[in-house]
Amino acid sequence: MEQEMESNEKWVHDSSLDYKGRVPLRASTGVWKASLFVLAIEFSERLSYFGIANNLISYLTKVMHEDLKTAAKNVNYWSGTATLMPLIGGFIADAYTGRFYMVLFSAFVYLMGLSLLAMSQFIPSIKACNTSICQQPRKVHEVIFYLSLYCIALGTGGYKPCLESFGADQFDDDHLEERKQKMSFFNWWFFALCFALLLSATVIVYVQDFVSWGVACLAIAIIMAITIIAFCVGKSFYRYRRPEGNPFTPILQVLIAAVRKRNLTCPSNPALLYEVPESERSQGRLLKHTSRLRFLDKAAIIEEKNGERKESPWRLVTVTRVEETKLALNLVPIWLTSLTVGVCVAQGTTLFVKQAAVTNLKISKNFKIPAASMASVSAVGTIIAVPIYDRIMVPILRKMTGNERGISILKRIGIGMILSVMLMIVAALVEAKRLRMSRNHHTMSVFWLIPQYLILGVADSFSLVGLQEYFYEEVPESMRSLGMALYLSVLGVGFFLSSFLIIMVDHLTGKNGKSWIGKDINSSRLDRFYWMLAIINALVLCLFILVTKRYSYKAVQRRGMDTDCHKIDDVEMVA
């Protein structure tokens with residue numbers, strides 16, 4: 001036993017490998033020395049993405065001369081594509097390529113898109129115009145501009161789901177200290193993301209508005225290239241996971257095996273169900289049997305005919321495979337009830353920006369901020385909230401609840417959803433006041449928008465960080481890149497839903513001659529649109545609470561080396 005403890009302290013026995021394909025040495029691989037390289041490349045990617053996304057609607061309306069409805073829809077379509085493409089990239093990484101090589105490939109595709117975007121601003125023949133004020137952009141510029149945007153979206157497809165899960169893979173779940181560090185990793189991951197948002201919404205947006213889009217695009221492309229090189233330099237520090245093949249095959253095997261044995265009766269004692277010993281399991285950890293979705297347990301019933309056991313994987317599967325299938329099915333209601341989070345996030349890069357654009361943006365007599373820079377307030381809200389939560393609230397909550405996370409993942413998401421309802425109420429009240437001032441020929445100060453941006457940032461620190469952790473922890477281990485893609489798809493579908501709501505609201509309210517979404521913001525009634533979103537968010541929050549009351553977390557059997565008395569959400573210790 002003592003020798004085993006020493007071995008576990010020296011080597012990492014969680015199915016990961018070092019860069020030479022050997023069992024990793026704990027002291028020289030993984031944890032923060034590896035994840036810092038991952039955080040660096042994530043910072044540069046988010047700096048690039050937010051640098052484009054925050055001000056894209058302004059570019060489309062001012063340079064491309066698109067009206068508000070068209071520009072908002074195009075921003076949502078691009079953002080939605082960028083956050084749905086990871087479903088494909090995550091699947092390919094989990095099944096075939098592995099996370100490291102998918103990140104590398106996607107980073108180069110992303111860099112190609114940024115380079116193309118920069119060229120569209122410098123090369124005279126594909127520039128929007130050759131004059132300072134563009135009345136009608138060239139068609140070739142429009143084609144190249146959108147081509148570069150969707151090239152970036154394609155790069156995001158492999159980049160986003162794999163990078164965060166690759167960073168989390170650097171921490172061993174069966175080692176107490178590393179497990180606690182991994183819980184902090186998700187918080188600091190989002191902190192780095194929001195620091196990138198802060199810089200993009202201030203420095204990058206300022207350069208775009210007052211220097212040129214070309215200089216801004218060139219700068220973020222150079223930063224991206226530098227961090228790609230740094231990511232490659234850290235290769236020897238990483239812990240790698242082998243791809244395990246199509247992650248949907250085991251789920252299909254469980255479903256088919258359960259249907260084939262539908263007439264059998266499940267044993268009252270779960271120990272009679274089929275499971276391989278942990279010593280014979282090549283990858284991943286064993287899961288404890290749970291009482292939910294009992295029909296699927298039939299897939300693990302051992303059948304014997306003529307004294308021989310039927311062991312076809314389409315006829316007999318392990319309890320762990322059954323539990324992984326239950327986990328995958330349990331994701332569906334959580335994913336569906338989280339979509340309104342994505343809808344609220346979409347407002348921050350579309351309608352909130354147009355609100356800011358018609359306010360008084362002067363900070364002083366000689367200094368005026370770009371409208372898109374208001375996103376920096378949201379970033380500040382998150383940058384303040386995350387360290388307070390991680391360093392002050394979590395230690396206190398750990399002592400109160402006995403849970404290593406402080407509060408459960410779903411409670412954290414729920415708090416974020418409550419704040420999202422508050423966000424839309426505040427946005428509606430502020431917009432109603434702005435419209436009254438506009439009718440009296442007064443211009444509202446941009447400072448009135450600070451509360452809604454701050455609430456958005458704090459809400460994200462709960463809902464988005466919680467969703468990241470949920471879709472990493474609660475998916476089967478063979479699907480963790482796909483799990484991150486599912487988290488991103490919450491945002492992606494949210495952007496598309498936002499566009500759909502804009503279209504439907506415009507169509508329905510336009511019948512009365514006064515659309516809530518007009519050609520410009522002063523002829524619109526965004527306050528009513530925000531009230532509608534507040535009501536939708538409140539109703540979905542109630543549904544989310546009902547779903548989470550019946551939810552049970554992944555039940556993992558951990559090795560005896562873990563001696564801490566704190567619980568996570570649902571684990572069992574085994575010697």
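Heads up, residue numbers simply count up from 1 along the chain you see.
Glycine too: its Cβ is placed from the backbone N, Cα and C atoms.
Here the structure is a predicted model, which means the values were calculated and not measured.
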Out of 143-165, 327-349, which range is noted as transmembrane segment by TrEMBL?
327-349
Which of 99-118, 369-389, 409-430, 450-472 has the most Cβ pairs closer than 8 Å to the transmembrane segment (75-93)?
99-118
Among 99-118, 327-349, 409-430, 484-505, point out the range having the most Cβ pairs under 8 angstroms from the transmembrane segment (529-548).
409-430
